[in-house]
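*Asks:* From Swiss-Prot, for reference:
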DOMAIN    6-77  domain 'KRAB'
ZN_FING   170-192  zinc finger
ZN_FING   198-220  zinc finger
ZN_FING   226-248  zinc finger
ZN_FING   254-276  zinc finger
ZN_FING   282-304  zinc finger
ZN_FING   310-332  zinc finger
ZN_FING   338-360  zinc finger
ZN_FING   366-388  zinc finger
ZN_FING   394-416  zinc finger
ZN_FING   422-444  zinc finger
ZN_FING   450-472  zinc finger
Amino acid sequence: MAEGSVMFSDVSIDFSQEEWDCLDPVQRDLYRDVMLENYGNLVSMGLYTPKPQVISLLEQGKEPWMVGRELTRGLCSDLESMCETKLLSLKKEVYEIELCQREIMGLTKHGLEYSSFGDVLEYRSHLAKQLGYPNGHFSQEIFTPEYMPTFIQQTFLTLHQIINNEDRPYECKKCGKAFSQNSQFIQHQRIHIGEKSYECKECGKFFSCGSHVTRHLKIHTGEKPFECKECGKAFSCSSYLSQHQRIHTGKKPYECKECGKAFSYCSNLIDHQRIHTGEKPYECKVCGKAFTKSSQLFQHARIHTGEKPYECKECGKAFTQSSKLVQHQRIHTGEKPYECKECGKAFSSGSALTNHQRIHTGEKPYDCKECGKAFTQSSQLRQHQRIHAGEKPFECLECGKAFTQNSQLFQHQRIHTDEKPYECNECGKAFNKCSNLTRHLRIHTGEKPYNCKECGKAFSSGSDLIRHQGIHTNK
């Protein structure tokens with residue numbers, strides 16, 4: 001290889017497992033991007049063909065410290081047999097080289113601090129001379145700084161910044177987040193100003209930085225190279241895998257200083273803190289309603305657009321949220337995973353269980369400010385408030401009759417369609433309301449749950465009891 005060339009070992013930095021564990025997911029992604037980009041640059045320049053194991057591991061989403069690469073590998077076969085190296089510790093900015101056969105070589109351990117990449121090359125030249133290479137070069141030549149391509153000069157600066165995360169001079173005045181590089185700072189600011197200049201050619205969606213487009217493209221390709229060893233679930237990027245693994249470890253590193261509640265994800269902590277501050281930064285431009293999360297605003301916007309992208313394959317019913325579709329599908333499957341510990345009754349959704357549990361606790365947290373009546377569910381309160389407001393938003397298109405509840409309109413429309421979906425298994429008689437079928441079944445069972453407190457007479461329906469009570473009041 002001619003002088004002025006560069007090898008992969010010259011643009012690669014190794015981490016021990018301890019050093020790797022100190023990096024957060026963002027730092028690991030940055031390291032991975034730099035290493036893969038540099039290898040790609042070498043290949044495109046025709047300088048390096050065999051794929052190093054560390055590159056294969058990074059492409060598979062595995063940890064790079066699994067490769068115990070000697071510093072001298074690929075430089076000289078004689079040197080490989082005589083020496084072994086300690087992994088580079090960037091955190092201390094010290095390159096430590098330990099020679100195995102000190103007695104033969106007459107060399108001792110060297111611990112030198114380097115201020116530039118050129119110093120590394122100078123020390124390698126010094127080491128080569130002591131090993132018997134008069135020109136200060138190994139049998140396979142190393143490039144010199146003046147011939148160094150620009151992308152390689154940036155490599156060690158970038159990797160240095162990965163470790164020295166305290167050196168972040170670029171601070172965002174909006175949110176206080178700090179960055180080590182001006183380019184990262186500029187990309188971050190696009191979040192606040194809403195600038196999205198990177199477009200996905202598949203669907204036309206825009207992003208604030210190029211790496212987000214790369215990650216987004218995996219949605220279209222279905223590529224999920226990062227797999228969880230615990231459960232086999234795969235992800236499109238390594239940071240998602242890192243976050244997912246906290247489910248198995250139970251790790252919740254993000255703690256709220258107000259109440260002490262801890263979270264697995266930083267984004268969850270940020271959302272939670274808005275409960276304490278009352279901040280709702282995401283406002284709907286159509287109706288002015290504000291939300292604590294951008295996802296809530298995104299879902300809310302579908303009310304105005306009428307968009308329902310989540311469709312049930314069984315019956316064709318569509319929903320604005322994927323969670324609503326999941327709940328709906330349990331109607332078809334009969335799945336009820338949420339069980340009440342008090343009575344054993346099971347429900348298809350967690351919210352339905354929460355509402356049910358209030359029967360046992362007697363809790364009615366939703367109070368009407370008009371009359372003081374309390375309800376177990378917020379939807380019940382909203383329906384009740386329409387009585388005071390005189391609001392009847394659900395109108396029948398056939399006859400113009402209006403109702404306070406959508407379910408009332410739905411039942412009313414069966415009068416026009418003559419639909420009677422509730423059939424008695426005893427006699428085959430059908431009804432347009434479930435309550436009418438329930439009342440009818442008492443004819444067959446003889447059940448009379450409504451008792452008169454005056455005379456003790458029992459009735460099968462509440463309306464029959466009310467009519468009977470008129471006898472006592474007219475006396």
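Every residue gets a Cβ built from N, Cα and C, even glycine.
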*Asks:* Taking residues 6+ outside the zinc finger (450-472), which of them lie with a CB under 8 Å of any CB in it?
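*Replies:* Answer is 439, 442-443.
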*Asks:* Of the listed stretches 282-304, 394-416, 422-444, which one has the most C-beta pairs under 8 A with the zinc finger (254-276)?
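*Replies:* Maximum Cβ contact count belongs to 282-304.
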*Asks:* Quick one: DSSP breakdown of the zinc finger (394-416) into helix, strand and coil?
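*Replies:* Secondary-structure composition of the zinc finger (394-416): 11 helix, 4 strand, 8 coil.
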